[in-house]
Amino acid sequence: MTLHNNSTTSPLFPNISSSWIHSPSDAGLPPGTDTHFGSYNVSRAAGNFSSPDGTTDDPLGGHTVWQVVFIAFLTGILALVTIIGNILVIVSFKVNKQLKTVNNYFLLSLACADLIIGVISMNLFTTYIIMNRWALGNLACDLWLAIDYVASNASVMNLLVISFDRYFSITRPLTYRAKRTTKRAGVMIGLAWVISFVLWAPAILFWQYFVGKRTVPPGECFIQFLSEPTITFGTAIAAFYMPVTIMTILYWRIYKETEKRTKELAGLQASGTEAETENFVHPTGSSRSCSSYELQQQSMKRSNRRKYGRCHFWFTTKSWKPSSEQMDQDHSSSDSWNNNDAAASLENSASSDEEDIGSETRAIYSIVLKLPGHSTILNSTKLPSSDNLQVPEEELGMVDLERKADKLQAQKSVDDGGSFPKSFSKLPIQLESAVDTAKTSDVNSSVGKSTATLPLSFKEATLAKRFALKTRSQITKRKRMSLVKEKKAAQTLSAILLAFIITWTPYNIMVLVNTFCDSCIPKTFWNLGYWLCYINSTVNPVCYALCNKTFRTTFKMLLLCQCGKKKRRKQQYQQRQSVIFHKRAPEQAL
């Protein structure tokens, strides 16, 4: 904020015209008569006298006792609420791990600046108003002004950082989110404070040494180099009008981008419903299935294998490692594979926090099918017709034998709507007699025999369809949750910006008016406008609580001293989960 001073007739705002200070003697009134100084009653009772420098020695600054009580009570309450509110923010960040997000680090920095204003600036300014003069000396004056301006400018810089962070998080999720770490946030916060300190502290503390003398009169406290209204207005432009303009533009862009993502999410949900009703057809026109003609043909050629793997469905974003199942050397070398490409494809579609929703993200699942002697990943394959399916009944029987071993487990995973585990336990089945039969059987099958393979393909397609629908719903849910989080962060930002604009605008408007008319604004209005800037530090914690449920519940927990209870409940919950895990572990091993 910009404390405006350019004259010597007023202790706080020296630029105010002397026409607002009416002396009783000038008006022809007796010395005991009460008059008005701005909106304050100034008593000229006996015992009040002026010192040689023109300042009064009255400790009440010419105010009545009731006026002093009212001012002290009101400003004291505001300072106390500011201190408690911002301490709650800092402690909440410390005790609640859910609040330790990158965005909340910026709010923590803002709370620290507001706490400094509540502890130091508000109380010293109240003393200045009540006494109507500065009685703490030049060094204390310069230190107060330096701390006040650095903390206030740091608040503005933190708001700018929050606005840019929200803007880049919304508009550049792929590139910015990868760089958005707590370390980088700490660097940005440090830069905000360093810039604020460099801009104000040296000039406030050492300007009198730069120019060779101190021009601030005794009993007054203001920044020496802000002695001209034009300079004061220039600092107001740089410290308020320009940041507000930038933050408003950024918030408008954030709002438009959020609306765009909301529409795209609605389109994704609609496409999911359409795909479900149209037999799960990919937007490009290709149908998704977990079986293919090429896979069936290759399975026929490998019917002489000694051991057969089961049909596995994989849904993971990590590299798949082959099982330790013993295989022939030639098949081990030819069938080994890595699904990094599949994982990357799935990751691109599943990580809703890291990308925009586009047409390329409609391919929402990849299914890995491991059949006898073959491991591959299938994408955009068409369901084979009955004419093209030629699989020996012997091989079909061997596959069916092993499918029965996992029928209950796989069926339960699909029917219950649960996701498939990352890996199924390997249950190799020795089928020596079946293999001998397969060696002597004829590879070619008639069309009538090929129809027997249709139930297998349709079963696989049904499992794939259910699995893919579950995957689509999970991805859509993640995108929806991400959008909700972005909206909440935008709401918090909007509340903070609105409070900042409302509380800082009146004072800066008066600075603008004073540039053209230095006698148009009473001293009382200057005091109120300057105090209103301080009230912004009081309102900010309220904005956090209103817009963030986690902050709200943590505030309530701290105010009601429920930290110990919550910790005990958390420990009890963890103990129960540990018992459940140990009970389930032996069952899963069977």
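Every residue gets a Cβ built from N, Cα and C, even glycine.
Annotated topological domain 'Extracellular' per Swiss-Prot: 1-67, 131-142, 207-229, 515-526, in sequence order. The feature N-linked glycosylation site is assigned by Swiss-Prot to ASN5, ASN6, ASN15, ASN41, ASN48. Taken from Swiss-Prot, the feature topological domain 'Cytoplasmic' applies to 92-104, 165-184, 253-491, 547-590. Annotated disulfide bond per Swiss-Prot: CYS141-CYS221, CYS517-CYS520, in sequence order, evidence recorded as sequence analysis. Annotation source Swiss-Prot lists motif 'Basolateral sorting signal' at 275-281. As annotated by Swiss-Prot, region 'Disordered' applies to 323-357. According to Swiss-Prot, the compositional bias 'Low complexity' annotation covers 334-345.
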Local confidence of the topological domain 'Cytoplasmic' (547-590) - pLDDT mean: 73
Greatest C-beta neighbour count within 10 angstroms, which of the disulfide-bonded residues CYS141, CYS221, CYS517, CYS520: CYS221
Composition by DSSP (helix, strand, coil) of residues within the topological domain 'Cytoplasmic' (92-104): 10 helix, 0 strand, 3 coil
Tally of residues which DSSP labels helix, strand or coil - the topological domain 'Extracellular' (207-229): 6 helix, 0 strand, 17 coil
DSSP three-state assignment (helix, strand or coil) for CYS520 (disulfide bond): coil
Distance [Cα-Cα, Å, rounded] between CYS520 (disulfide bond) and CYS141 (disulfide bond): 27
Distance [Cα-Cα, Å, rounded] between CYS517 (disulfide bond) and CYS141 (disulfide bond): 27
DSSP residue counts for the topological domain 'Cytoplasmic' (165-184), split into helix, strand and coil: 17 helix, 0 strand, 3 coil
Spatial neighbours of the topological domain 'Cytoplasmic' (92-104) far in sequence, C-beta under 8 Å, 6+ residues away: 162, 165-166, 180-182, 185, 489, 550-551, 554-555, 558, 563
